[in-house]
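Peer 1: What TrEMBL records for 10-135 is domain 'CMP/dCMP-type deaminase'. Feature annotation from TrEMBL assigns Zn(2+) binding site to H79, C107, C110. If you look up TrEMBL, you'll see E81 marked as active site, proton donor.
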Amino acid sequence: MPGKRSNVISWDEFFMRVAIAAALRSKDPKTQVGACIADTNNRILSVGYNGTPSGINDDEFPWGTSDDPLFDKHNYVIHAEANAILNYRGSLKDMQGGRVYVTLFPCQECAKMLVQAGIGEVVYLDDKYEGTTGNLVARSVFDRCGVDYRQIHLREQALE
Ligand SMILES: O=c1ccn([C@H]2C[C@H](O)[C@@H](COP(=O)(O)O)O2)c(=O)[nH]1
Ligand SMILES: [Zn+2]
(Lines of atoms letter the chains of each structure in order from A and count residues from 1; the text may use other names and numbers.)
(Lines give C-alpha, C1' and ligand atoms only; values in the text may rest on other atoms or scores of the structure.)
(Ligands and ions follow the chains in the order given, each with its own letter.)
Protein backbone atom coordinates (compact mmCIF):
# COMPACT_ATOMS: atom_id res chain seq x y z
CA MET A 1 0.00 0.00 0.00
CA PRO A 2 1.46 3.43 -0.90
CA GLY A 3 2.31 5.75 1.97
CA LYS A 4 0.57 9.10 2.34
CA ARG A 5 1.99 12.30 0.85
CA SER A 6 4.03 14.04 3.50
CA ASN A 7 5.15 17.27 1.84
CA VAL A 8 1.76 18.94 2.01
CA ILE A 9 1.55 22.69 2.52
CA SER A 10 0.89 24.08 6.00
CA TRP A 11 -2.41 25.69 7.02
CA ASP A 12 -0.64 29.06 6.95
CA GLU A 13 0.48 28.51 3.41
CA PHE A 14 -2.88 27.14 2.32
CA PHE A 15 -4.89 30.09 3.64
CA MET A 16 -2.37 32.61 2.33
CA ARG A 17 -2.56 31.05 -1.11
CA VAL A 18 -6.35 31.41 -0.97
CA ALA A 19 -5.85 35.10 -0.07
CA ILE A 20 -3.47 35.46 -3.02
CA ALA A 21 -6.03 33.86 -5.33
CA ALA A 22 -8.61 36.39 -4.10
CA ALA A 23 -6.17 39.26 -4.74
CA LEU A 24 -5.89 38.10 -8.34
CA ARG A 25 -9.54 39.19 -8.76
CA SER A 26 -8.73 42.79 -7.81
CA LYS A 27 -9.00 45.39 -10.59
CA ASP A 28 -6.79 47.88 -8.75
CA PRO A 29 -3.82 48.41 -11.11
CA LYS A 30 -1.43 49.40 -8.32
CA THR A 31 -2.25 47.36 -5.23
CA GLN A 32 -4.13 44.08 -5.23
CA VAL A 33 -5.11 42.78 -1.80
CA GLY A 34 -6.69 39.49 -0.78
CA ALA A 35 -7.99 38.31 2.59
CA CYS A 36 -9.02 34.88 3.83
CA ILE A 37 -10.63 34.36 7.23
CA ALA A 38 -10.17 30.97 8.90
CA ASP A 39 -11.78 29.88 12.15
CA THR A 40 -10.09 28.21 15.09
CA ASN A 41 -10.79 24.80 13.49
CA ASN A 42 -8.96 25.74 10.28
CA ARG A 43 -12.16 26.13 8.29
CA ILE A 44 -12.39 28.93 5.76
CA LEU A 45 -15.20 31.28 6.69
CA SER A 46 -14.83 33.93 4.05
CA VAL A 47 -12.67 35.51 1.40
CA GLY A 48 -12.46 39.03 -0.03
CA TYR A 49 -10.42 41.37 -2.19
CA ASN A 50 -10.28 45.12 -2.70
CA GLY A 51 -12.96 46.25 -5.09
CA THR A 52 -15.70 48.73 -5.77
CA PRO A 53 -19.10 48.68 -4.05
CA SER A 54 -21.39 46.27 -5.90
CA GLY A 55 -23.34 49.10 -7.57
CA ILE A 56 -20.23 50.47 -9.26
CA ASN A 57 -18.94 48.61 -12.29
CA ASP A 58 -15.28 47.91 -11.54
CA ASP A 59 -14.49 47.59 -15.24
CA GLU A 60 -15.56 51.20 -15.87
CA PHE A 61 -14.25 52.63 -12.60
CA PRO A 62 -11.38 55.17 -12.93
CA TRP A 63 -8.76 53.36 -10.86
CA GLY A 64 -6.50 56.35 -10.24
CA THR A 65 -5.77 58.85 -7.52
CA SER A 66 -6.65 62.52 -7.78
CA ASP A 67 -6.58 65.80 -5.86
CA ASP A 68 -10.33 65.81 -6.41
CA PRO A 69 -11.73 63.42 -3.78
CA LEU A 70 -14.59 62.50 -6.10
CA PHE A 71 -12.08 60.99 -8.53
CA ASP A 72 -9.79 59.25 -6.07
CA LYS A 73 -10.11 55.46 -5.86
CA HIS A 74 -9.29 55.49 -2.14
CA ASN A 75 -12.65 57.09 -1.41
CA TYR A 76 -14.58 54.33 -3.15
CA VAL A 77 -12.75 51.03 -2.81
CA ILE A 78 -13.88 48.55 -0.19
CA HIS A 79 -10.83 46.95 1.36
CA ALA A 80 -10.18 43.23 1.12
CA GLU A 81 -10.54 42.68 4.86
CA ALA A 82 -13.86 44.55 4.97
CA ASN A 83 -15.15 42.52 2.04
CA ALA A 84 -14.07 39.28 3.71
CA ILE A 85 -16.00 40.22 6.85
CA LEU A 86 -19.03 41.46 4.91
CA ASN A 87 -19.09 38.47 2.56
CA TYR A 88 -19.59 36.09 5.47
CA ARG A 89 -23.18 34.89 5.70
CA GLY A 90 -22.90 33.16 9.06
CA SER A 91 -22.73 34.53 12.59
CA LEU A 92 -19.85 36.86 13.48
CA LYS A 93 -19.46 34.66 16.57
CA ASP A 94 -17.78 32.14 14.27
CA MET A 95 -14.87 34.56 13.76
CA GLN A 96 -14.03 34.78 17.47
CA GLY A 97 -10.35 33.98 17.89
CA GLY A 98 -9.98 33.20 14.20
CA ARG A 99 -7.21 34.23 11.87
CA VAL A 100 -7.19 36.51 8.89
CA TYR A 101 -4.65 35.93 6.13
CA VAL A 102 -3.92 39.09 4.19
CA THR A 103 -1.55 39.75 1.34
CA LEU A 104 -0.91 43.27 2.71
CA PHE A 105 -0.70 44.42 6.32
CA PRO A 106 -4.13 45.94 7.15
CA CYS A 107 -4.75 49.68 7.25
CA GLN A 108 -5.96 51.32 10.45
CA GLU A 109 -9.64 51.15 9.44
CA CYS A 110 -9.44 47.46 8.65
CA ALA A 111 -7.50 46.89 11.87
CA LYS A 112 -10.41 48.31 13.87
CA MET A 113 -12.93 46.28 11.90
CA LEU A 114 -10.99 43.05 12.35
CA VAL A 115 -10.85 43.65 16.09
CA GLN A 116 -14.61 44.20 16.23
CA ALA A 117 -15.18 41.04 14.19
CA GLY A 118 -13.33 39.08 16.88
CA ILE A 119 -10.26 38.14 14.85
CA GLY A 120 -7.45 36.96 17.11
CA GLU A 121 -4.51 36.86 14.74
CA VAL A 122 -3.43 38.59 11.57
CA VAL A 123 -1.05 36.75 9.24
CA TYR A 124 0.34 38.91 6.47
CA LEU A 125 2.65 38.70 3.48
CA ASP A 126 3.65 42.19 2.38
CA ASP A 127 4.08 45.30 4.51
CA LYS A 128 4.84 47.91 1.87
CA TYR A 129 3.36 50.75 3.92
CA GLU A 130 5.46 49.93 6.98
CA GLY A 131 6.32 53.02 8.98
CA THR A 132 3.49 55.16 7.64
CA THR A 133 1.08 56.73 10.13
CA GLY A 134 -1.74 54.40 9.13
CA ASN A 135 0.49 51.38 9.52
CA LEU A 136 1.68 52.48 12.97
CA VAL A 137 -1.90 53.16 14.10
CA ALA A 138 -3.00 49.74 12.83
CA ARG A 139 -0.20 48.09 14.86
CA SER A 140 -1.18 50.14 17.89
CA VAL A 141 -4.81 49.01 17.50
CA PHE A 142 -3.73 45.35 17.37
CA ASP A 143 -1.32 45.77 20.30
CA ARG A 144 -3.88 47.50 22.50
CA CYS A 145 -6.62 45.02 21.63
CA GLY A 146 -4.54 41.88 22.05
CA VAL A 147 -4.57 40.84 18.40
CA ASP A 148 -1.40 39.01 17.38
CA TYR A 149 0.20 39.61 14.02
CA ARG A 150 3.02 37.92 12.17
CA GLN A 151 4.53 37.94 8.72
CA ILE A 152 5.07 34.79 6.68
CA HIS A 153 6.99 34.15 3.48
CA LEU A 154 5.94 31.60 0.90
CA ARG A 155 8.28 29.27 -0.89
CA GLU A 156 7.87 28.10 -4.45
CA GLN A 157 5.69 25.01 -4.49
CA ALA A 158 4.92 22.68 -7.36
CA LEU A 159 2.57 19.70 -7.27
CA GLU A 160 4.41 16.41 -7.01
O1 LIG B 1 -6.03 47.35 4.54
C2 LIG B 1 -6.04 47.55 3.31
C3 LIG B 1 -5.36 48.61 2.72
C4 LIG B 1 -5.52 48.86 1.39
N5 LIG B 1 -6.32 48.08 0.64
C6 LIG B 1 -6.51 48.39 -0.78
C7 LIG B 1 -7.24 49.67 -1.06
C8 LIG B 1 -6.68 50.12 -2.38
O9 LIG B 1 -7.39 49.46 -3.44
C10 LIG B 1 -5.26 49.60 -2.33
C11 LIG B 1 -4.27 50.65 -1.85
O12 LIG B 1 -3.97 51.47 -2.96
P13 LIG B 1 -2.58 52.26 -3.02
O14 LIG B 1 -2.58 52.83 -4.41
O15 LIG B 1 -1.47 51.28 -2.78
O16 LIG B 1 -2.66 53.32 -1.96
O17 LIG B 1 -5.24 48.54 -1.38
C18 LIG B 1 -6.96 47.00 1.19
O19 LIG B 1 -7.70 46.25 0.50
N20 LIG B 1 -6.79 46.75 2.52
ZN1 LIG C 1 -8.01 48.59 5.00
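Just so you know, the numbers here start at 1 and follow the chain as drawn.
For all residues, glycine too, the Cβ spot is worked out from N, Cα and C.
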Peer 1: If the Zn(2+) site is taken as the center of the Cβ atoms of H79, C107, C110, which further residues of that chain fall within 8 Å of it by their Cβ?
Peer 2: A80, E81, A82, P106, Q108, E109, A111, M113, A138
Peer 1: Which has the fewest other CB atoms in a 10 Å radius around its CB: C107, C110, the listed binding-site residues?
Peer 2: C107
Peer 1: Could you state the whole-number distance in Å separating the C-alpha atoms of C107 (Zn(2+) binding site) and E81 (active site, proton donor)?
Peer 2: 9
Peer 1: Can you check how the pLDDT averages out over the domain 'CMP/dCMP-type deaminase' (10-135)?
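Peer 2: Summarising the domain 'CMP/dCMP-type deaminase' (10-135) by its mean pLDDT gives 97.
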Peer 1: If one measures from the C-alpha of E81 (active site, proton donor) to the C-alpha of C110 (Zn(2+) binding site), what distance in angstrom results, rounded to a whole number?
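Peer 2: Between the alpha carbons of E81 (active site, proton donor) and C110 (Zn(2+) binding site) there are 6 Å.
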Peer 1: Using DSSP, how many residues in the domain 'CMP/dCMP-type deaminase' (10-135) fall into helix, strand and coil?
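Peer 2: For the domain 'CMP/dCMP-type deaminase' (10-135), the helix, strand and coil counts are 44 helix, 25 strand, 57 coil.
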